[in-house]
Amino acid sequence: MKRNWRQHYNVFLANLVLVFGFALNILVAKQSLNNTTPQFRFLFVTPFLGVVIGAVLYFFDVKWFLIDYPYKKFHFQKKWAIVYLSGVIVFFLNVLIGVVLLVVMVNYITNQILEREYERLFTNSLPYLWSTTGTSIVLSLISIGMSKTAHFFIDIEILKAKKGEPTDPNKTDNRAVVINLDENKKNEKEQSPPSAEMTSL
(Lines of atoms letter the chains of each structure in order from A; the text may use other names.)
(Lines give C-alpha, C1' and ligand atoms only; values in the text may rest on other atoms or scores of the structure.)
Protein backbone atom coordinates (compact mmCIF):
# COMPACT_ATOMS: atom_id res chain seq x y z
CA MET A 1 0.00 0.00 0.00
CA LYS A 2 1.47 3.33 -1.04
CA ARG A 3 2.15 5.80 1.72
CA ASN A 4 0.27 8.73 0.28
CA TRP A 5 -2.66 10.23 2.10
CA ARG A 6 -4.47 11.17 -1.11
CA GLN A 7 -4.21 7.82 -2.90
CA HIS A 8 -5.28 5.19 -0.40
CA TYR A 9 -8.68 4.07 0.93
CA ASN A 10 -7.91 3.34 4.57
CA VAL A 11 -10.87 5.33 5.87
CA PHE A 12 -13.34 3.52 3.62
CA LEU A 13 -11.85 0.09 4.39
CA ALA A 14 -11.75 0.76 8.15
CA ASN A 15 -15.44 1.62 8.30
CA LEU A 16 -16.37 -1.21 5.91
CA VAL A 17 -14.56 -3.78 8.05
CA LEU A 18 -16.24 -2.44 11.19
CA VAL A 19 -19.72 -2.67 9.65
CA PHE A 20 -19.06 -6.20 8.41
CA GLY A 21 -17.84 -7.15 11.87
CA PHE A 22 -21.17 -6.20 13.42
CA ALA A 23 -23.27 -7.48 10.49
CA LEU A 24 -21.66 -10.93 10.43
CA ASN A 25 -22.44 -11.16 14.12
CA ILE A 26 -26.07 -11.83 13.14
CA LEU A 27 -25.03 -15.09 11.45
CA VAL A 28 -22.75 -15.95 14.36
CA ALA A 29 -25.59 -15.38 16.82
CA LYS A 30 -27.90 -17.58 14.75
CA GLN A 31 -25.45 -20.46 15.02
CA SER A 32 -24.30 -19.98 18.60
CA LEU A 33 -27.60 -19.08 20.29
CA ASN A 34 -29.72 -21.80 18.69
CA ASN A 35 -27.55 -24.54 20.14
CA THR A 36 -28.43 -26.46 23.26
CA THR A 37 -25.61 -24.69 25.10
CA PRO A 38 -25.36 -21.05 23.91
CA GLN A 39 -21.81 -19.85 23.26
CA PHE A 40 -21.62 -16.16 24.11
CA ARG A 41 -17.91 -15.79 23.47
CA PHE A 42 -18.44 -16.17 19.71
CA LEU A 43 -20.58 -13.02 19.70
CA PHE A 44 -17.47 -10.92 20.36
CA VAL A 45 -15.20 -12.48 17.73
CA THR A 46 -16.25 -10.70 14.52
CA PRO A 47 -16.83 -7.29 16.17
CA PHE A 48 -13.43 -7.57 17.86
CA LEU A 49 -11.72 -8.33 14.55
CA GLY A 50 -13.56 -5.45 12.88
CA VAL A 51 -12.54 -3.02 15.61
CA VAL A 52 -8.88 -4.07 15.59
CA ILE A 53 -8.49 -4.03 11.79
CA GLY A 54 -10.40 -0.74 11.48
CA ALA A 55 -8.34 0.92 14.22
CA VAL A 56 -5.08 -0.16 12.55
CA LEU A 57 -6.22 1.23 9.19
CA TYR A 58 -7.24 4.52 10.79
CA PHE A 59 -3.92 4.68 12.64
CA PHE A 60 -2.04 4.59 9.34
CA ASP A 61 -4.42 7.14 7.84
CA VAL A 62 -3.74 9.63 10.65
CA LYS A 63 -0.01 8.85 10.59
CA TRP A 64 0.27 9.46 6.84
CA PHE A 65 -1.79 12.63 7.15
CA LEU A 66 0.62 14.07 9.72
CA ILE A 67 3.67 13.03 7.66
CA ASP A 68 2.42 14.14 4.24
CA TYR A 69 0.70 17.39 5.20
CA PRO A 70 2.35 19.18 8.13
CA TYR A 71 1.23 22.77 8.64
CA LYS A 72 4.80 24.06 8.29
CA LYS A 73 4.97 22.79 4.71
CA PHE A 74 1.51 23.57 3.42
CA HIS A 75 -0.83 26.37 4.39
CA PHE A 76 -4.38 25.05 4.26
CA GLN A 77 -7.21 26.07 6.50
CA LYS A 78 -7.09 24.25 9.80
CA LYS A 79 -10.86 23.79 9.79
CA TRP A 80 -10.41 20.93 7.30
CA ALA A 81 -8.02 19.21 9.67
CA ILE A 82 -10.67 19.58 12.37
CA VAL A 83 -13.26 18.05 10.02
CA TYR A 84 -10.90 15.15 9.31
CA LEU A 85 -10.19 14.52 13.00
CA SER A 86 -13.92 14.71 13.71
CA GLY A 87 -14.36 11.84 11.26
CA VAL A 88 -11.83 9.84 13.26
CA ILE A 89 -13.72 10.61 16.47
CA VAL A 90 -17.00 9.48 14.88
CA PHE A 91 -15.34 6.17 13.96
CA PHE A 92 -14.31 5.47 17.55
CA LEU A 93 -17.72 6.62 18.77
CA ASN A 94 -19.12 4.00 16.39
CA VAL A 95 -16.92 1.39 18.05
CA LEU A 96 -18.00 2.46 21.54
CA ILE A 97 -21.74 2.40 20.77
CA GLY A 98 -21.46 -0.97 19.03
CA VAL A 99 -19.63 -2.56 21.94
CA VAL A 100 -22.09 -1.11 24.48
CA LEU A 101 -25.10 -2.47 22.54
CA LEU A 102 -23.40 -5.85 22.28
CA VAL A 103 -22.75 -5.98 26.02
CA VAL A 104 -26.36 -4.99 26.75
CA MET A 105 -27.58 -7.77 24.43
CA VAL A 106 -25.39 -10.41 26.09
CA ASN A 107 -26.58 -9.29 29.52
CA TYR A 108 -30.21 -9.53 28.38
CA ILE A 109 -29.74 -13.03 26.98
CA THR A 110 -27.90 -14.13 30.10
CA ASN A 111 -30.88 -13.13 32.21
CA GLN A 112 -33.11 -15.22 29.92
CA ILE A 113 -30.91 -18.26 30.46
CA LEU A 114 -31.01 -17.76 34.21
CA GLU A 115 -34.79 -17.80 33.93
CA ARG A 116 -34.63 -21.06 31.94
CA GLU A 117 -35.90 -19.49 28.70
CA TYR A 118 -33.83 -21.07 25.92
CA GLU A 119 -36.30 -21.12 23.04
CA ARG A 120 -36.26 -17.52 21.83
CA LEU A 121 -32.68 -16.46 22.54
CA PHE A 122 -31.80 -15.65 18.94
CA THR A 123 -35.18 -14.05 18.15
CA ASN A 124 -34.95 -11.79 21.19
CA SER A 125 -31.39 -10.81 20.35
CA LEU A 126 -32.25 -9.71 16.79
CA PRO A 127 -33.38 -6.15 17.74
CA TYR A 128 -30.02 -5.55 19.42
CA LEU A 129 -28.08 -7.07 16.53
CA TRP A 130 -29.90 -5.02 13.90
CA SER A 131 -29.64 -1.87 16.01
CA THR A 132 -25.89 -2.37 16.31
CA THR A 133 -25.51 -2.95 12.57
CA GLY A 134 -27.75 -0.02 11.60
CA THR A 135 -26.00 2.37 13.98
CA SER A 136 -22.65 1.21 12.66
CA ILE A 137 -23.71 1.86 9.05
CA VAL A 138 -24.99 5.38 9.78
CA LEU A 139 -21.93 6.43 11.80
CA SER A 140 -19.59 4.87 9.25
CA LEU A 141 -21.18 6.90 6.46
CA ILE A 142 -20.75 10.06 8.55
CA SER A 143 -17.12 9.20 9.29
CA ILE A 144 -16.33 8.46 5.64
CA GLY A 145 -18.11 11.61 4.50
CA MET A 146 -16.22 13.88 6.91
CA SER A 147 -12.84 12.31 6.18
CA LYS A 148 -13.25 12.34 2.41
CA THR A 149 -14.54 15.92 2.47
CA ALA A 150 -11.40 16.95 4.35
CA HIS A 151 -9.28 14.98 1.85
CA PHE A 152 -10.91 16.79 -1.06
CA PHE A 153 -10.67 20.37 0.20
CA ILE A 154 -7.15 20.01 1.59
CA ASP A 155 -5.99 18.70 -1.78
CA ILE A 156 -7.62 21.66 -3.55
CA GLU A 157 -5.97 24.19 -1.26
CA ILE A 158 -2.58 22.50 -1.55
CA LEU A 159 -2.79 22.56 -5.35
CA LYS A 160 -3.68 26.26 -5.20
CA ALA A 161 -0.74 26.91 -2.88
CA LYS A 162 1.64 25.12 -5.25
CA LYS A 163 0.41 27.31 -8.11
CA GLY A 164 0.89 30.43 -6.02
CA GLU A 165 -2.81 31.11 -5.63
CA PRO A 166 -4.03 32.22 -2.19
CA THR A 167 -6.38 29.69 -0.64
CA ASP A 168 -8.48 32.34 1.04
CA PRO A 169 -7.54 36.02 0.69
CA ASN A 170 -9.48 36.92 3.82
CA LYS A 171 -7.53 34.47 6.00
CA THR A 172 -3.98 34.70 4.66
CA ASP A 173 -1.20 36.71 6.27
CA ASN A 174 0.05 38.34 3.06
CA ARG A 175 -2.49 41.16 3.03
CA ALA A 176 -1.63 44.51 1.46
CA VAL A 177 -0.66 47.22 3.92
CA VAL A 178 -2.03 50.70 3.12
CA ILE A 179 0.34 53.50 4.03
CA ASN A 180 -0.88 57.10 4.20
CA LEU A 181 2.05 59.21 2.94
CA ASP A 182 0.43 62.52 3.88
CA GLU A 183 -0.03 61.33 7.43
CA ASN A 184 3.63 60.28 7.58
CA LYS A 185 4.82 63.70 6.37
CA LYS A 186 2.67 65.38 8.99
CA ASN A 187 4.17 63.20 11.71
CA GLU A 188 7.69 63.99 10.49
CA LYS A 189 7.03 67.74 10.73
CA GLU A 190 5.65 67.40 14.23
CA GLN A 191 8.63 65.32 15.32
CA SER A 192 11.29 67.48 13.55
CA PRO A 193 14.25 68.50 15.80
CA PRO A 194 14.31 72.09 17.20
CA SER A 195 16.26 74.78 15.34
CA ALA A 196 19.77 75.92 16.33
CA GLU A 197 18.39 79.09 17.96
CA MET A 198 16.10 77.11 20.18
CA THR A 199 18.94 74.77 21.04
CA SER A 200 21.18 77.66 22.12
CA LEU A 201 18.48 78.83 24.50
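Please read every residue number as a count from 1 along the shown chain.
From the backbone N, Cα and C atoms, a Cβ is placed for every residue, glycine too.
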Given ranges 126-146, 147-167, the stretch to which Swiss-Prot attaches the annotation transmembrane segment: 126-146
The transmembrane segment (126-146) versus listed stretches 9-29, 42-62, 86-106: most Cβ pairs under 8 Å: 86-106
